[in-house]
Amino acid sequence: MFSIQQPLLVFSDLDGTLLDSHSYDWQPAAPWLSRLREANVPVILCSSKTSAEMLYLQKTLGLQGLPLIAENGAVIQLAEQWQDIDGFPRIISGISHGEISQVLNTLREKEHFKFTTFDDVDDATIAEWTGLSRSQAALTQLHEASVTLIWRDSDERMAQFTARLNELGLQFMQGARFWHVLDASAGKDQAANWIIATYQQLSGKRPTTLGLGDGPNDAPLLEVMDYAVIVKGLNREGVHLHDEDPTRVWRTQREGPEGWREGLDHFFSAR
């Protein structure tokens, strides 16, 4: 098995995992965050959120300066000490937010798909949808390489929409609350592998990895982890991995940050 004393990276989703889906509370996870920080174990946030949102949350959680994965892997925010790496401070995968928006506007105009993007509304509306403050809601609109939307059409039309996006080199991904469109080449798994390889190159040893997530869009991330915690979530589809060996994967009984704490307790408390 493994311990927090060895080279280790922890990758964590946010909403529904480290943060409560409704209140955004993270206090149940605070003791473990402190313990990992004291052991110099990087906790790498990985989410559909924008880098602007996540940098704010990093500071709140005491994780500032560490790398993070934003917009479902389309954006990698580099660690503060990685200034010599090409692309610092952020690496963008695939086409830009503006280019994706143009594609979506064309599809909506010509093929009459029904959806509302975050670009279609103001921060007050997003605050109503999410329960965030207006200042935090404004950060959700600062996309760099994806578009977030609410789907307002039928399941049949969604299948057609997804197929059209795939033809255009894009993917349609379900999050905890919203849907996301990003380049087909981007993903949480590719971003995580890049970060793991960078730590390995800098230290000379591949770190052991632990990932935590609660939704279907976390599955690619958890697949490439050495160990995985599937936090009990609200999504009816859940998370299904190809390798669910119980020595590698733990499914929690609790939701959100309490489940996050439960997962860390399972893998580390007895060690």
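Cβ coordinates are placed from backbone N, Cα and C, and glycine is handled just like the others.
Here Swiss-Prot has Asp13, Asp15 binding Mg(2+), and the candidate from Asp214, Asp226, Asp243 in that same listed site is Asp214. According to DSSP, Asp15 (Mg(2+) binding site) sits within a strand segment. Listed in sequence order, the residues of the same chain lying 6 or more apart from Asp13 (active site, nucleophile) and placing their CB within less than 8 Å of its CB are Cys46, Ser47, Leu212, Gly213, Asp214, Gly215, Asp218, Leu221, Val231.
Within 10 Å of the C-beta atom of Asp214 (Mg(2+) binding site) sit 28 other C-beta atoms, taking all shown protein chains into account.
Counting Cβ atoms from all protein chains shown, Asp15 (Mg(2+) binding site) has 23 others lying within 10 Å of its own Cβ.
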